[in-house]
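Notes follow the structure.
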Amino acid sequence: MQNSNFSSMEKVNFRTRILTNHLNQETPSPHFSLQTTPCLSYNPPELSEPSSIFDKKQMRQLMDGHNLTEKDWLFGLMLQSNLFNPMKSGGKVFVQPDYNQSKEQQREITMRRIGYLLEHGVFKKWLTGNGPVDELRKLALLECLAIFDHSLAIKTGVHFFLWGGAIQFFGTKRHHDKWLKATEEYVVKGCFAMTELGHGSNVRGIETVTTYDSSTGEFVITTPCESAQKYWIGGAANHATHTVVFSQLIIEGKNQGVHAFICQIRDENGDICPNIRIADCGHKIGLNGVDNGRIWFDNVRVPRENLLNSVADVSPDGKYLTAIKDPDQRFAAFLAPLTSGRVTIAVSAIYSAKVGLATAIRYSLTRRAFSVTPNGPEILLLDYPSHQRRLLPLLAKTYAMSFAVNYLKKIYVNRTPEMNKVIHVVSSAFKAIASWHNMRTLQECREACGGQGLKTENRVGPLKGEFDVQSTFEGDNNVLMQQVSKALFGEYVAAKRSKKPIKGLGLEHMNASRPIVPSQLTSHTMRQAQFQNDIFCLRERDLLERFAAEVALCQAQGKSKEYAFTLNYQLAEDLGRAYSDRAVLHTFLEAEASVTSASLKNVLDLVRSMYTLVTLEEDAAFLRYGYLSTDNAAMVRKEVANLCGELRPHALSLVSSFGLPDAFLGPIAFNWVEANAWSSEQN
């Protein structure tokens with residue numbers, strides 16, 4: 001108490017002296033200069049932080065996984081053009097979108113940037129390439145675009161991955177020959193008309209109707225009601241010339257389910273085609289560089305050849321032809337290739353989180369606040385245990401999910417028809433947890449930057465609005481988690497019925513004996529990969545067994561399986577999360593196993609332990625279902641705090657390993673004093 005009183009009196013005396021000097025001073029000359037000696041100054045963290053104990057280039061290679069040279073080339077390409085809005089601040093040049101522009105201006109500059117990238121060969125082989133090498137390059141370059149501007153990545157992604165991907169995967173040679181090269185060169189500009197006002201996640205329920213006129217050899221596409229209008233169609237409002245329309249196909253009075261058709265919506269002059277109506281979706285909380293629109297089809301006629309016919313076809317005389325007779329299997333085969341959207345969302349979400357963390361952690365290594373001793377120096381934000389607890393667990397999760405999305409990309413580019421189910425489940429799970437993680441991370445980083453986090457130029461705040469949409473597009477996250485649980489249920493029930501071991505979706509661990517968690521946890525135990533794997537597998541196994549039992553009980557009471565799923569949504573969501581976390585951990589362990597450097601392994605061991613233990617702490621399922629006792633939960637919480645302290649010296653090296661060029665962060669990540677100086681304002 002004495003120290004506290006002494007400190008308070010000191011503050012009073014100090015303020016009194018300042019006020020006295022202020023009142024007694026003479027009027028200053030116009031040429032006065034500010035005295036900078038007692039002021040705060042910026043010290044680059046590279047000069048004050050411990051040297052990295054691991055090779056940051058090796059860590060980046062492990063994190064990014066592929067095409068680093070091409071990515072750095074594209075970063076450099078964007079830095080060379082004024083189209084990417086370079087601005088000087090704090091002695092450095094930064095590039096970022098100008099969010100002060102109107103939506104019309106943002107849309108126009110997005111298209112001009114696409115034109116610049118096209119001219120410089122960025123999109124070469126994005127649709128005409130062949131094999132995993134070209135696909136990985138495409139994914140890597142799209143990641144760079146998303147780091148600069150989510151609108152640019154989405155506008156590009158709709159054109160190449162959705163419109164172009166639909167032609168690639170749903171179409172056949174006649175479509176490939178006519179459309180792929182023209183799409184790659186932007187001779188046509190495509191969009192993807194699946195979502196409707198009345199139906200989003202439930203694609204099977206869409207209401208657009210297509211019939212066939214055998215007398216002319218044409219399909220007739222109709223919007224029968226207002227809820228059937230195509231909605232949120234990226235590219236439709238201003239720029240797209242063609243779209244892939246998803247519609248119920250009615251042949252000889254029978255609904256054959258959802259099919260896809262190529263339809264022109266604008267002519268070569270940019271005028272809307274006859275019998276097409278288009279309206280703007282309006283201003284949004286983010287992604288205003290994407291021209292989302294609504295489309296109505298008033299008996300629009302398209303040639304028979306415009307049906308994308310890899311799964312089914314219609315003969316000239318109007319007969320429905322398909323090798324897949326079961327409607328459910330046909331629908332599954334039809335939608336299987338659409339996983340690319342979830343893949344790219346998961347990846348870009350993690351890079352967005354990296355931008356937020358690199359900004360907030362660099363700032364916290366140079367910004368000071370308060371002292372903990374009388375007359376002592378102010379303390380760096382990241383030296384406060386509470387600040388470490390806010391940011392370092394999110395850093396560990398971002399590392400873990402980086403390995404997860406690398407695995408997702410790998411299985412996607414090497415896909416076979418037999419892998420469709422695995423890719424669907426993994427992409428659904430990782431898309432959901434990655435986009436949720438990104439939004440939570442950006443919010444924490446925004447708050448951790450204080451008032452500076454509100455400034456648009458510092459990027460963290462705007463990224464929240466730009467990436468919020470990821471939680472619901474390409475599948476609502478909660479719906480995706482329930483789909484994951486249904487798939488796990490199907491594998492489990494099939495194995496039980498056949499009395500064969502479970503094989504696939506990473507569930508092989510359920511063929512072994514049930515893991516046993518020690519009754520009393522120690523620090524040593526909690527940091528062992530075996531314990532971490534065991535408790536994650538135990539949670540997934542137990543929740544799957546519980547879920548299957550509850551569904552079976554409902555069915556025994558006469559309820560349908562779908563209704564049983566609906567009633568047990570809480571278990572389904574817990575199970576989906578358990579699967580996702582365990583799958584992420586397994587990708588982390590696989591990444592670690594590929595490392596030979598001891599120093600790299602040591603840091604990764606800390607990061608993995610932090611990822612696992614903070615997941616144990618945050619997910620109430622571990623306590624709810626008894627996988628952790630209250631005493632063990634308290635031990636986990638204590639160990640997370642210990643790990644924060646141990647990761648603190650590595651914080652700068654870990655975010656530097658992200659490989660993000662300085663120009664793609666915000667001024668707050670560097671010399672924030674100079675960036676806000678009066679001289680900067682004058683310049």
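Placement of Cβ uses the backbone N, Cα and C atoms for every residue, glycine included.
All annotation found in TrEMBL is predicted automatically rather than curated by experts.
Sequence annotations record features per position, and here TrEMBL assigns active site, proton acceptor to Glu474. Other C-beta atoms found within 10 angstroms of the C-beta of Glu474 (active site, proton acceptor) number 24, with every protein chain shown included.
Every protein chain shown contributes to the tally, and the Cβ of Thr195 (FAD binding site) ends up with 21 other Cβ atoms within 10 Å. Taken from TrEMBL, the feature FAD binding site covers Thr195, Gly234.
Taken from TrEMBL, the feature domain 'Acyl-CoA oxidase/dehydrogenase middle' covers 191-300.
What TrEMBL lists as domain 'Acyl-CoA oxidase C-alpha1' is 338-488.
The domain 'Acyl-CoA oxidase C-terminal' annotation in TrEMBL covers 536-666.
In the structure as shown, the Cβ atom of Gly234 (FAD binding site) sits within 10 Å of 26 other Cβ atoms.
Cα spacing between Glu474 (active site, proton acceptor) and Thr195 (FAD binding site): 10 Å, rounded to the nearest whole number.
Across the domain 'Acyl-CoA oxidase C-terminal' (536-666), the DSSP tally of helix, strand and coil residues reads 108 helix, 0 strand, 23 coil. Confidence over the domain 'Acyl-CoA oxidase C-alpha1' (338-488), given as mean pLDDT on the 0 to 100 scale, stands at 96.
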